[in-house]
Amino acid sequence: MCLQNLLSILCFVLAISFGYVSAQKCVDSMFFRPNGTYDTNRHLILSNLASNVSSRDGYYNGSVGEGPDRIYALGLCIPGTDPKVCDDCMQIASTGILQNCPNQTDSYDWRSQKTLCFVRYSNSSFFNKMDLEPTMVIGDLNSGLFQGDLAAYTRTWEEFMNSMITRVGRTRYLADISPRIGSARIYALMQCIRGISSMECETCIRDNVRMYQSCCNGFIGGTIRKPVCFFRWDGSEYLGAFGDTPSLPPPSPDGKTISTGAIVAVVVSVVIFVVLLALVLVIRKRRQSYKTLKPKTDDDMTSPQSLQFDFMTLEAATDKFSRNNKLGKGGFGEVYKGMLPNETEVAVKRLSSNSGQGTQEFKNEVVIVAKLQHKNLVRLLGFCLERDEQILVYEFVPNKSLNYFLFGNKQKHLLDPTKKSQLDWKRRYNIIGGITRGLLYLHQDSRLTIIHRDIKASNILLDADMNPKIADFGMARNFRVDQTEDNTRRVVGTFGYMPPEYVTHGQFSTKSDVYSFGVLILEIVCGKKNSSFYKIDDSGGNLVTHVWRLWNNDSPLDLIDPAIEESCDNDKVIRCIHIGLLCVQETPVDRPEMSTIFQMLTNSSITLPVPRPPGFFFRNRSNLDPLTYGSELGQSSSKSIPYTIDSASITRVTPR
């Protein structure tokens with residue numbers, strides 16, 4: 001027994017000693033080149049992490065850079081921390097990681113410095129990832145072993161910790177005080193990062209508790225830290241985490257219970273507090289009700305005050321929504337150029353009153369876009385819900401849409417050769433790459449898995465440098481982390497860009513966006529709309545069929561837009577056509593993920609698989625059976641045979 005205790009003490013002291021040498025955990029599995037792009041990005045994101053965390057209620061995650069030089073970082077402070085104290089703690093933790101982990105691609109630190117804060121960075125996204133290793137055990141050398149009835153202490157310790165474990169998952173944070181053990185108490189704090197589930201939080205904390213029981217049983221204080229959770233226990237208060245926790249009175253010497261008067265006083269105080277709290281909440285709700293939509297489901301919008309614009313400001317910015325400021329028609333409404341009082345140019349999207357499902361699309365767009373931050377996505381600046389108006393305010397993107405440059409002015413039926421000539425092969429290739437990065441962010445790197453469901457040329461805006469920005473999230477759907485596909489009774493989007501499983505069965509997933517992106521790649525290469533190919537040959541009339549024929553005839557270069565013939569790289573063009581055909585394969589499982597597409601575009605040494613036949617491939621118009629074809633598109637057999645997917649009609653939704 002003595003030997004076992006001695007080994008436990010030795011184990012704990014060694015762990016503590018190591019912990020005091022370095023509070024940071026530098027993961028030594030991968031390294032980066034000092035002073036390179038990754039190192040620059042690391043300094044950039046960590047130097048701004050403290051201000052981002054302290055200004056965002058104590059929690060922030062984000063990324064900087066592209067490709068292999070991209071770095072992800074997360075920071076948090078425990079709830080209720082003063083912003084200045086949080087900022088100081090984050091500064092110390094960030095600086096410590098930079099100094100003590102000179103070239104590791106993954107490091108983390110739980111810092112106890114007046115408060116508890118956490119910093120982690122990595123070369124791969126970890127925001128929703130359950131990481132239980134590596135572990136740090138750090139303790140208080142001065143606390144020592146519990147002096148008293150060790151069996152009673154251990155029993156109380158285990159019961160108390162198990163009780164906390166069952167509660168911590170709901171909020172990811174818990175600080176509590178145990179019942180008395182003689183004159184002693186246990187002060188325990190548990191914290192998980194927000195990205196993991198409640199069950200994962202409980203699992204991580206439980207693993208820390210087991211580690212204490214196996215190596216450090218009986219010690220009064222210490223901490224056990226993992227990349228996604230933190231556990232500390234001690235014999236006295238710390239970090240100001242227990243200031244609001246009421247202290248229980250010591251047991252009465254004569255063993256009598258608390259007096260009736262004391263109980264009545266406590267009950268009356270609690271009742272008064274609850275009544276006052278209810279009154280405050282009712283008054284606040286009434287004051288703010290005119291600014292928010294009445295919630296109907298759990299998915300309805302919750303709107304931060306900083307995003308709200310008043311109607312008069314937007315009316316003045318757009319000169320009362322004058323025709324001269326009209327930029328065009330977007331999904332479910334008209335878009336106007338505006339100038340805010342601070343001289344910021346904006347695009348103001350005014351939802352039309354007869355837009356059918358517009359209200360839901362409006363809320364959908366606000367909820368989703370407000371959470372997204374990526375250079376290849378149009379940034380949402382705010383919204384307005386006054387006077388029965390529903391308005392979205394976006395950053396202004398000066399060069400209109402990709403559709404305008406590739407296919408011309410739809411209203412005037414004109415194609416300006418000077419506009420098309422601005423899209424040389426280098427720019428088109430960069431546009432394909434930018435859209436890839438934007439979709440990769442939506443599908444994989446954002447906090448939610450988001451499916452756009454309406455990827456097409458008119459929803460790709462071009463900034464002043466002709467960089468693409470994905471726009472119009474009215475059709476978008478967000479998925480849980482563990483969800484891979486869904487279905488809908490109402491098929492929405494643009495025909496010609498929809499995959500077969502969506503058109504016929506209403507099933508959609510990230511592979512739906514991949515299919516649409518494949519069609520868009522082929523349009524960018526050839527400079528023609530998908531719907532313009534029904535006159536070219538005897539096929540059923542779409543771009544996918546035309547490209548598949550050229551591919552099988554070993555003549556893919558016949559697809560190239562004459563405007564880029566002299567400037568294009570034939571190898572890259574063929575590779576893009578190949579990737580486009582992989583994206584439009586009939587079976588979703590055959591289509592590559594956006595992460596794979598990104599690798600295919602950036603690494604020419606990757607061998608591409610042979611594409612399978614695409615969806616909506618028609619051999620000859622005369623072979624089409626009206627009944628079969630109509631039913632495949634989800635139409636009544638009484639409908640006439642559509643020659644293009646763009647002209648098909650499944651619902652009364654007007655293609656945008």
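A Cβ is built for glycine as well, from the same backbone N, Cα and C atoms used for every other residue.
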Among Asn35, Asn342, Asn553, can you tell me which residue Swiss-Prot lists with the annotation N-linked glycosylation site?
Asn35
In Swiss-Prot, which of these is labelled N-linked glycosylation site: Asn103, Asn530?
Asn103
Residue from Asn123, Asn399 to which Swiss-Prot assigns N-linked glycosylation site:
Asn123
Would you mind reading off the Cα separation of Val335 (ATP binding site) from Thr494 (phosphothreonine), to the nearest angstrom?
19
Could you give the Cα-Cα distance between Gly333 (ATP binding site) and Asp454 (active site, proton acceptor), in whole Å?
16
Which residues does Leu327 (ATP binding site) neighbour through Cβ under 8 Å, counting only same-chain ones at least six apart?
Val335, Tyr336, Lys337, Ala347, Lys400
Mind tallying the domain 'Gnk2-homologous 2' (134-238) by DSSP state, helix then strand then coil?
40 helix, 28 strand, 37 coil
With DSSP helix as H/G/I and strand as E/B, how many residues of the domain 'Gnk2-homologous 1' (24-126) fall in helix, strand and coil?
38 helix, 38 strand, 27 coil
Thr494 (phosphothreonine): tally of other CB atoms within 10 A of its CB:
23
Please report the Cα separation of Thr494 (phosphothreonine) and Asp454 (active site, proton acceptor) in Å, rounded to an integer.
6
Chain-internal residues near Lys329 (ATP binding site), provided their CB is under 8 angstroms and they sit 6+ positions away:
Val335
